[in-house]
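A short write-up of the structure that comes next.
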């Protein structure tokens with residue numbers, strides 16, 4: 001089988017070689033009769049190639065039997081042909097390339113004409129007496145036998161305005177780097193300003209909370225219905241089980257309806273008149289006292305005691321002083337003192353010396369009873385109030401009411 005395949009391959013290879021030899025012989029036989037400037041026409045005869053005039057050349061090569069379709073065409077740019085003939089157009093001379101001035105431009109029929117050497121260049125003279133076309137630099141020091149080098153002129157090279165791609169890429173990289181740096185600086189500035197703002201924000205928030213809190217404390221005074229009543233200072237002393245010389249909480253007097261009515265019923269903004277005490281029933285008065293001191297004293301004064309600064313009590317005890325606002329009450333700040341208010345009430349009613357003495361004793365009893373329980377303080381204040389009313393009203397009806405109230409007061413406190 002292998003012997004049969006091998007002769008088949010040899011047969012195909014031999015046939016291909018014979019075909020190539022036949023083609024080569026045929027080509028050589030067809031063109032072998034024509035010379036360099038001849039081509040063979042359709043009849044098989046050798047014909048002379050066309051000749052073109054100045055500035056013209058054949059469109060394709062002609063000779064040795066080829067170039068039957070060649071035609072004369074103008075010379076290509078930067079090429080010229082001065083005479084008739086079979087030759088092709090020649091390239092024009094470049095005067096700048098040989099460091100010479102250009103006197104005439106190149107055309108299809110004439111070559112460019114170059115002049116003298118550029119300043120700083122000279123033409124070498126050959127041994128046969130001819131000079132080279134190319135001008136060479138004079139060098140430093142210049143040759144003394146060349147006149148062009150003695151009048152050397154310093155030339156300044158003008159940079160090209162067209163930037164290269166490399167310069168463009170470099171400029172783009174530099175601009176990108178600058179933009180990145182500026183963006184980073186901007187981000188750092190924003191972060192710094194934000195931190196500064198966050199550091200200063202707590203103090204601002206505390207101020208706003210203080211303003212908000214003060215506004216909430218004064219909200220009860222903004223009610224239109226309070227314009228018809230005169231606000232008085234309401235002073236109430238409260239004794240706690242804290243040690244001596246404890247803090248005193250200053251809170252505003254929240255003159256709401258319930259607190260104001262209860263305060264007027266018992267202590268009020270100052271002491272009430274004897275006529276009012278005579279008109280009230282001792283039993284109802286006894287019932288009102290625990291309710292007032294249990295609800296009003298604990299709820300109002302204890303609720304707002306934390307919102308006001310601490311002040312040391314010189315008498316050695318914890319007292320809750322409910323200050324009123326002068327712009328709302330229209331009274332002097334001295335009215336906050338229970339001694340002054342009690343004295344003023346007694347002086348206005350009768351101006352008696354005994355009433356002043358009772359007021360001083362009342363203030364002394366309050367300061368001395370700091371170690372007693374809360375109900376004891378309430379009873380002491382109530383007894384002082386009744387004593388002052390009794391001194392101002394020596395009438396028989398007033399003494400009877402005072403005795404009835406004194407009898408009803410211990411019973412009410414024991415029930416509480």
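Heads up, the Cβ atoms here are built off N, Cα and C, so glycines get one too.
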Under Swiss-Prot, the annotation transmembrane segment belongs to which of these stretches: 150-170, 171-191, 192-212, 213-233?
171-191
Tell me which residue from 105, 340 Swiss-Prot records as N-linked glycosylation site.
105
On a C-alpha basis, identify the one among 72, 89, 95, 135 that is nearest to residue 62 (disulfide bond); the candidates are the disulfide-bonded residues.
72
Looking at Cβ-Cβ distances, which residues of the chain lie under 8 angstroms from residue 149 (disulfide bond) while being 6 or more apart from it?
120, 122, 138, 139, 142, 143
Near the transmembrane segment (171-191), which same-chain residues lie under 8 Å Cβ to Cβ, leaving out any that are not at least 6 residues past its ends?
none
Least buried of the disulfide-bonded residues 72, 92, 95, 117, 138, going by other Cβ atoms within 10 Å?
72
CB within-chain contacts under 8 A for residue 114 (disulfide bond), separation at least 6:
93, 95, 98, 100, 101, 102, 103, 133
Least buried by Cβ count (within 10 Å) of the disulfide-bonded residues 46, 49, 62, 135:
46
Going by C-alpha positions, which of the recorded positions (72, 75, 105) is nearest residue 135 (disulfide bond)?
105
